[in-house]
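Undergrad: Below is a structure I'd like to ask you about.
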Amino acid sequence: MNNKFFVFLLIVSIFLIQPFYLHSEVTKDVSSEDTKSPDLLRPKIVSFQPLSGFTAGKGYKGTEVLISGSNFALAAKRNTVTFGRKIARVIEATKDSILVRVPYGAKTNRIRVKTPAGRVVSQNKFEIMGKPVILSFSPSEAAIGDEVTITGFNFADANIQSSAEKKRASNILDKGFLKVKFGNLKAEVTSATENEIKAIVPDGALNGKIKVITPAGTTRSQKEFVVNESPGKEAVSINVGDSVTETLDSTDNSFYGIFYDVYKFEGKALQTLTIKMSSNDFDTYLYLISPDDAVLAQDDDSGGGTDSQITITLPEDGTYSIYANSAFEGAEGSYELSVIEPSASLLGAISGTLSLQPYITLSEEEPNDSLQTAQQVNSPPVNIFGSASSSDPGYTVSDTQDKVQDIYSMTVDGAIEITLESSSQDADFDLFLLGRYGHIISKSEARGNGLKESLVYQPLSPRQVFIGIKAFSGSGNYILTVDRPKSTTSLPNGGLKGVKENFVPGEFVVKFRKQYSKTGFMKKPEIGSFKMAGPATDGLALLKLDDAAKVLQSKNKAAASGKRFKSQNISNEDLKTLTIETLKKLRKSPEVEMADLNYIRKAYSTTPDDKYYSLQWDFSTMNLPQAWDLIKGNDNVIVAVIDTGIASKHLDLQGRLVQGYDFISDQQNALDGDGIDPNPEDPGDDSNHKKSSFHGTHVAGTIGAATNNGTGVAGVTWKGKIMPLRVLGAWGGTDFDTLNACLYAAGLPNSSGTTPSKKATVINMSLGGAGYSQVFQDRINEILKQGVTIVAAAGNENTDTLSYPASYSGVISVGAIDASLKRAPYSNYGPNITIVAPGGNTSADVNNDGYQDGVLSTLSDDSGKFFYGFYQGTSMASPHVAGVVALIQAALLDKGLALLTPAEVENIVTSTAMDLGTTGKDNTYGYGLVDAQRCVEKAIESIRSSSPAISVSAEKLNFENKNNQLTFSVTNSGGGILTVNSIEADASWLVVEPSTGTVPEKGELIVTVSVDSTGLADGAYSAAITISSNGGNATIDVSMHVGKAFQRDIGPIYLVVVDKDTLKTIKSAETDLDKNLSYEITSLLEGDYFVIAGTDRNNDGFICDDGEACGAYPTLTDPQLVSVKANQDTQNISFEVIEQFSILSSGLLKQKPKAVEKGFRIQSLRK
């Protein structure tokens, strides 16, 4: 036999036999009739029809389609149906029909059916219907209950008879195949085709857009639909002092079946009224509406029984409305309404005296004559007593010949006013404000001895500045004061507020509008004369002032005497000032579309080349590039990421992972088919495998994405390892699983029966929830003893409710800030917050880079793709801190030192933080924003010795606010026994006890310091305490005031009495230093109120918003109600007003509803 013919027969025989092998594998799914016929017939498609009478040949992705024909396989699995190249799921089959679900991703194409007997292709294409489109609706205005016709295409037929059929037909299950909404209210659909829908305007509908929802998506009308009010009775006028008797019934206005009457009256600002509605027939309900249609007050039972009553002090002149309602649907009957102004005998008053947060008084600490040795200063208010001489060494300011002798460093978080005063007749002092690199931001140089110098400055965001004191001539003492300005309205605004100092003076980057010629613009008398300094590109031009000398001459007093300027004599600061003034004019010019300064940009010392590093705003915020100059990590440092697991094949995580473990014990939660196992790979946390978060991969990338590799993103650490431990699955994670993961990371016995070859240095837990567990706390204590630092996310509930594990003792609890360095709107707050770090806000783009201000890191998805994405949350903030902790420990290892203890690590993190809130630790930001650079610097300085080493808890003691006794501690930061030989004061009015002592390793000695001012004249006093020991010496400066201390003047302070329920302002008053900060608020109705006081520096009519001083009775953090009695003055309601950076953490203020989130309104004191 011919070999080729033999091969041909063999191939044919294999093809003919193949269907029977398939049958034999699925015999249980095949009927006897099917198996009896060896001659299977090829299938045939007659038609295909979506369910429920939709147009033949059309349908939606995810919906069911019935294919009619013949010769289909009875076993559903043996029919393969494809829509184009996408395989559909076969639900059921008969010989004459197949029910399939249209696959996602399908496009308009022919349907193919393949059975064991052959295959067939439909003659017609099945059209995939797209998202619905609304073209128009009619009428454009209608009342509730009217029918509206909506026209467009890709609508769904509404004729689905049963809910069961809806589920089969729709990919939105029992929510229905078609929805129409007016705003967020669902409308009744009376009929619908592919191109037209008729729907009824629902009860409660408001003006807005119409939505149509089908399985293919949602569409909104371009125009807004207008809901016409149903005609009702007009408002009736009522005078203050009158009462009326009326009835409510079905002839009155109604809303959802509740009847109501409307009354109007003329009210006056600060007028106190009682409005009462009484009825024996029904429960009453009152609303009071302001002249601008806002609900001022409402009540249903304050009148007792079925009566309602509102007592209020009106905020402004105008026409007010009263809605007199029944409380329940269909209630009818008679009622009496009265509007009464209470007599003076029914009113009470509140009075008291405010106190101001005092200055923090400091003494100059030398040397402080360079940027490197600048004296650190806390947030304002602060007074610094110093001295300087023109012969002292100093720092020469960049680009100038000016030498400043004393320099102070401060992180500025808002507007500040700096004042320099001296009574010396021998010295002339000048004041300089310098930027981070020592360049001039501003200066004050009043010529003459004993004159006052002052500056006001407002940064765009918190930043470090230096304050320089220049002794122009002579020598003497000075007082430097840093405080909040009394008013911020005079400060530059918009893009010029806190101008970015590094720009080219006299140059502007300008984009002209297309319809204007830039050639005719080069000389504009009202703006200036310009020349083109660079070629125009894509509409942008670089302009340079051509007549700066002339303009400055005309502005300078010297012009009057005929003197002339030469360009080389123009000061850089004068030219910068002129540049800013000219920019304002340019921006207002009709020819100019955009204008800005020609800023000078400087790269950070260490900048990785990762592709998306420019989008990682979070790293520069925490001074991470500067930290990288000192340390980039160490491969002996391991960070355990206890989370959802890891996408280990992500390109940007290669080389950064060590062996991890999967601790999810519940198989259904695990989604990987088993319980705990040594594979921490993340299979996703969505049981449908569509929307998994891959949360752990994002967290791991923040800590240690491969950095400086030319791709992706950078990590906080460039070196070091990540130990992925999986505890979070489909429905979260349990304490049992999480605890065991923590124990594993610390090298302790755990449920896996194994431990890692090398334990973790740091544990990060970007997870949590409510509920304290003593068992968990005990295990944490064990882990901390192993030297493992624990960092955890504080939670995203925008509450002060404790979240665990972050709130367990010994854990560094991390809150989140956004790109504007404010508490992120979701971040938890409260006393357990240790530190904050960038967590992002994906609803904002503060830095205008065109991307949402989330945290960018490594991600994956359920399809197995690897990419990068923005997330927000304290979960994102926590790994920033964990990464910094890894850098701290790496710095120690690089110097051959032992790792720091968790307590020592926490001390470094908290003591170096950038203070964002009120001075010191607060409930919003904890100790402040983590500062990677300062953390690493302090870690390098913390070389421990086996010999005793002295440390003291304070560098200075200030006896203010009538304190006459303070304490400090002497500790042994080294080893062995610290012997304190002497503790001595150099002033007779200062007493210290004890004078000697011993301190063991990590022990402390408490020292009490007392002052006795008897016989001393009024004035400022300073002294020093010297401690001598075998572990070194230490000095503590002491300052004291005798007599009246320096009194701060923060300008007008406004008092407001606030309703305890609505937090609306009832009454206001004003006081200031000239009134000795005393106040009285009168004409208050009997009741309980909050009393708040604060400044209004920006003159916006509100107190206690950001950057203001604020206080509440008795304290801002724990405000209490003040009871007002009729015909009585409630006296001694006195309390302190302190400076605020953020009001969100203050006890009463955090309760404020959105309507008053800005602050508390000053009623009628401003117009």
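Placed from the backbone N, Cα and C atoms, the Cβ positions cover glycine too.
Pasting the feature list from TrEMBL:
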DOMAIN    43-126  domain 'IPT/TIG'
DOMAIN    132-213  domain 'IPT/TIG'
DOMAIN    260-324  domain 'Peptidase C-terminal archaeal/bacterial'
DOMAIN    635-928  domain 'Peptidase S8/S53'
ACT_SITE  Asp643  active site, charge relay system
REGION    669-694  region 'Disordered'
ACT_SITE  His695  active site, charge relay system
ACT_SITE  Ser875  active site, charge relay system
DOMAIN    950-1039  domain 'BACON'
Undergrad: Round to a whole number and give the Cα-to-Cα distance in Å for the pair Ser875 (active site, charge relay system) and Asp643 (active site, charge relay system).
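TA: Cα-Cα distance, Ser875 (active site, charge relay system) to Asp643 (active site, charge relay system): 10 Å.
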Undergrad: Where else in the chain does the region 'Disordered' (669-694) make close Cβ contacts, counting only residues six or more beyond its ends and a cut-off under 8 Å?
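TA: Non-local partners: 644-648, 659-663, 724-726, 728-733, 737, 740, 751-752, 754, 859-862.
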Undergrad: Looking only at the domain 'Peptidase C-terminal archaeal/bacterial' (260-324), what is the mean pLDDT?
TA: 86
Undergrad: Would you kindly give the Cα-Cα distance separating Asp643 (active site, charge relay system) and His695 (active site, charge relay system), rounded to the nearest Å?
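TA: That separation, Cα to Cα, works out to 7 Å.
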Undergrad: Validating a neighbour-count step here. Other CB atoms within 10 A of the CB of His695 (active site, charge relay system): how many?
TA: 22
Undergrad: Tell me whether Asp643 (active site, charge relay system) sits in a helix, a strand or coil according to DSSP.
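TA: Once the DSSP labels are grouped into three classes, Asp643 (active site, charge relay system) ends up as strand.
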Undergrad: Go ahead and report the DSSP secondary structure tallies for the domain 'BACON' (950-1039): helix first, then strand, then coil.
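TA: The counts are 0 helix, 58 strand, 32 coil.
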Undergrad: Excluding near sequence neighbours, so keeping only residues 6 or more apart in the same chain, what lies with its CB under 8 A of Asp643 (active site, charge relay system)?
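TA: Once residues fewer than 6 apart are set aside, Asp643 (active site, charge relay system) is near His695, Gly696, Val699, Ala700, Pro724, Leu725, Arg726, Val727, Leu728, Asn764, Met765, Ser766, Leu767.
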